[in-house]
Amino acid sequence: MNQLRLEPIKKVSGTINIPGSKSISNRALLLATLAEGTTTLTNLLDSDDIRYMLASLKQLGVSYRLSNNNTVCELDGLAGPLNASEAQTLFLGNAGTAMRPLCAALTLGQGDFTLTGEPRMEERPIGDLVDALRQLGAEVSYLKNDGFPPLSISSTGLNGGNVEIAGDLSSQFLTALLMVAPLAKDDVNIQIKGELVSKPYIDITLALMAQFGVKVQNNDYASFVIKAGQRYVSPGKVLVEGDASSASYFLAAGAIQGGEVKVTGVGKLSIQGDVKFADVLQQMGAEIEWGDDYIISRGAKLTAVDLDMNHIPDAAMTIATTALFATGTTHIRNIYNWRIKETDRLAAMATELRKVGAIVDEGHDYISVTPPAELNTAAIDTYSDHRMAMCFSMMAFADCGITINEPECTSKTFPDYFNQFNSLAH
């Protein structure tokens with residue numbers, strides 16, 4: 001097993017250019033595929049999730065050209081759905097941002113497809129999306145356990161009509177449905193069952209669809225209407241914003257041990273909800289400065305917060321480890337969907353926080369963190385989850401430092417993370 005030792009860091013300062021957003025990269029690749037014309041995507045994220053999407057698109061006959069550093073992709077759109085004359089099996093690793101949209105997109109055309117992934121992917125639910133696609137006439141079946149990949153799709157096109165989809169587990173199901181709806185045979189009316197989680201991620205989807213020329217009627221996130229007969233048209237160029245969830249670690253570093261840390265590639269013009277992480281740091285006492293495409297975080301004495309963080313589920317994880325350096329008990333609420341991510345993040349976070357001495361209360365959909373008088377060093381298990389590894393790098397600001405087990409799991413979104421993190425140390 002690989003281990004990375006992070007020695008205590010007394011002060012951080014510097015500037016980090018954030019790699020492209022995973023959410024935006026994979027959405028934009030799929031829309032560019034379905035669109036008419038050639039799209040040039042810049043600042044594309046170079047990571048496992050994106051590589052699985054690109055490999056699948058290539059297997060399905062999509063033509064694209066990647067720059068040497070894999071961050072610029074020129075992709076020739078199909079001006080319509082993906083088709084396959086022979087049966088295709090696509091392996092998608094643990095990439096939810098590839099599995100869910102492709103599952104929906106492959107119901108639009110003609111062909112037989114099997115979607116598989118790593119063992120953890122077989123534990124990540126997809127039933128709500130499959131139920132919705134079946135309501136629109138899709139033929140999707142489970143190859144192992146009901147409600148989970150691997151999946152088999154026999155596609156002859158998507159009918160359209162009225163569809164209900166649960167909104168309380170993952171916004172990725174709705175995102176997948178929205179992106180394919182314009183290419184259905186009839187209008188699609190989507191009714192949301194329950195409270196929609198992670199609304200800002202839906203805003204990303206709608207903003208990108210608009211960039212590719214498709215209009216969606218959003219009725220206050222309770223229902224959505226997508227008219228048939230629309231088509232995606234390439235805007236020519238798409239700049240992928242920096243990943244706001246990835247920015248959270250550097251902003252937290254500035255708040256805990258700054259100095260001044262500036263992240264570029266995200267800012268007040270960002271379409272990602274996770275930039276609101278900076279507002280949480282501000283509530284904890286950090287000094288935050290916003291530009292159109294940058295955020296600056298400066299250190300201060302931090303105090304605990306008690307907040308509903310459903311709108312920033314990924315970045316909220318960083319608050320759990322930042323809480324180790326704040327006075328009082330921090331409560332992070334309404335985060336049930338942590339449990340269905342790369343690992344059960346609520347259980348994993350509670351376990352690892354206790355290792356360093358924190359007093360933790362883990363509930364069904366919340367976590368409370370009280371720092372100890374003195375933090376202990378530990379070897380942190382990362383559960384093949386990139387965000388666990390990056391969150392616990394904050395422990396480098398304790399006097400004891402920290403050891404991260406299997407740090408290479410950051411390759412899912414940020415292969416160069418620890419080099420960038422160490423570049424801020426002074």
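From the backbone N, Cα and C atoms, a Cβ is placed for every residue, glycine too.
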Site-mate of Lys22, Gly96, Arg124, Gln172, Arg345, Arg387 for phosphoenolpyruvate in Swiss-Prot, selected among Lys144, Lys193, Lys412: Lys412
Lys22, Arg124, Gln172, Arg387, Lys412 screened against Ser198 (3-phosphoshikimate binding site), Cα within 10 Å - retained binding-site residues: Gln172
Of the recorded positions listed as Gly96, Asp314, Arg345, Lys412, the one whose CA lies nearest the CA of Arg27 (3-phosphoshikimate binding site): Gly96
Recorded 3-phosphoshikimate site residues Lys22, Ser23, Arg27, Ser170, Ser171, Gln172, Ser198, Asp314, Asn337, Lys341, farthest C-alpha pair in Å: 20
Other CB atoms, at most 10 A from the CB of Arg124 (phosphoenolpyruvate binding site): 20
Cα separation, Asp314 (active site, proton acceptor) to Arg387 (phosphoenolpyruvate binding site) (Å, whole number): 8
Nearest-integer angstrom distance between the alpha carbons (Cα) of Asn337 (3-phosphoshikimate binding site) and Arg345 (phosphoenolpyruvate binding site): 9
